[in-house]
Amino acid sequence: MFRLNSLSALAELAVGSRWYHGGSQPIQIRRRLMMVAFLGASAVTASTGLLWKRAHAESPPCVDNLKSDIGDKGKNKDEGDVCNHEKKTADLAPHPEEKKKKRSGFRDRKVMEYENRIRAYSTPDKIFRYFATLKVISEPGEAEVFMTPEDFVRSITPNEKQPEHLGLDQYIIKRFDGKKISQEREKFADEGSIFYTLGECGLISFSDYIFLTTVLSTPQRNFEIAFKMFDLNGDGEVDMEEFEQVQSIIRSQTSMGMRHRDRPTTGNTLKSGLCSALTTYFFGADLKGKLTIKNFLEFQRKLQHDVLKLEFERHDPVDGRITERQFGGMLLAYSGVQSKKLTAMQRQLKKHFKEGKGLTFQEVENFFTFLKNINDVDTALSFYHMAGASLDKVTMQQVARTVAKVELSDHVCDVVFALFDCDGNGELSNKEFVSIMKQRLMRGLEKPKDMGFTRLMQAMWKCAQETAWDFALPKQ
């Protein structure tokens, strides 16, 4: 009897021991899983604000409602601004050739903020549908949406407001008339412009829009490497099929290409190959020609020149010159600098050039040619910095001559230093200058077209998958 009681007591003791030691591990596992769940919930909560901003860029079908609501609120303020502005201009009595300064009211600022969010976070399909202004109806009755070259520049330039009564899926309707279209060809693009090669009137289709943004957002070196990879016989030329492969690979690496999804409902599908006008331009009428990297890079250079020319003309130059503040605005357009600092930099520029002589297009183009070599410029400026030399205006002009083979005028250097000489000692803040100029060179097209929420969730999911077994297995 005593033996049976002892055995039962030992058995119960063993069961209790197993329950105690076995139950402590699940408790620890549950604590770890609860900690992971808490961190995940915190990350989702922190991302809610980002999603809210994203929703503003995606949800409104057009800006008509926004314009009407904001117009009522800002009507009185706008009228006051206009009245005050008219009084000031009447008192100052400016020169007849001078343009009146156009002040943006509360309503315009809110609309431009909304349009900037569209440029930054929307899909290529929505960007194209919002900033395109023409819908051409063909003789069979089929309709296709087109951009003008000015629309294209506006779609990639921050703070450029879309014309009134034109917005998402709101267009000027034109019926196709071959004779009239041919007569109006020079209305949208000059004969020497690269846009003239795009077909009727120099208009830009959705496929052309994706192709042009790809060309603008891809460095020259990337195209050189891609051409060499598909040049199997080493003659430096590619045929049409090989070029389509080059284009597809390059496009898949850009932010526009990664965000694009074909949308048959809107008609914005990425057609295989290029438009007929571009294929003829690159490969001849029979499409059996060869395209060299030299000819393609010349096409890229002309495109950059024409886009820069359109940007210059948008500032309404007087006697072929734009003001120093307008040039500074071109440099800072894609900087991403906070509004307060941006305002301070513009005020500093206005202080230095109250009665400036302005800048010609040749001076502006020389500086942007200098920017095309910004990586080499960064290296050269770093060498000067390590050698203890000051980065003054003479140094910048020397770097431009050595690296980019262009001459920067003294006046251009004065404007650049007025913007980036923070402490006023006559020396350039090269780190900030180089970082902002790299963004300006790519026109903001290299930035991801999202708020980063998707990438955050993908990283969290990958981390959870890799660490799940570590939480589940007991510690040794």
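Any Cβ shown, glycine's included, is placed from N, Cα and C.
What Swiss-Prot lists as transit peptide is 1-33.
What Swiss-Prot records for 68-106 is region 'Disordered'.
Taken from Swiss-Prot, the feature domain 'EF-hand 1' applies to 218-253. Counting residues per DSSP class in helix, strand and coil order gives 24 helix, 2 strand, 10 coil for the domain 'EF-hand 1' (218-253).
The domain 'EF-hand 2' annotation in Swiss-Prot covers 408-443, and the record cites sequence analysis as its basis. Residue counts for the domain 'EF-hand 2' (408-443) by DSSP state, with H, G and I taken as helix and E and B as strand, are 24 helix, 0 strand, 12 coil.
Sequence annotations record features per position, and here Swiss-Prot assigns Ca(2+) 2 binding site to Asp421, Asp423, Asn425, Glu427, Glu432 based on experimental evidence.
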- Beyond a gap of at least 6 residues from its ends, the CB atoms lying under 8 Å from the domain 'EF-hand 1' (218-253) belong to 210-211, 272-274, 279, 282-283, 287-288, 290-294, 296-297, 300, 372
- Intrachain C-beta neighbours of Glu432 (Ca(2+) 2 binding site), sequence separation six or more, cut-off 8 angstroms: Phe420, Cys422
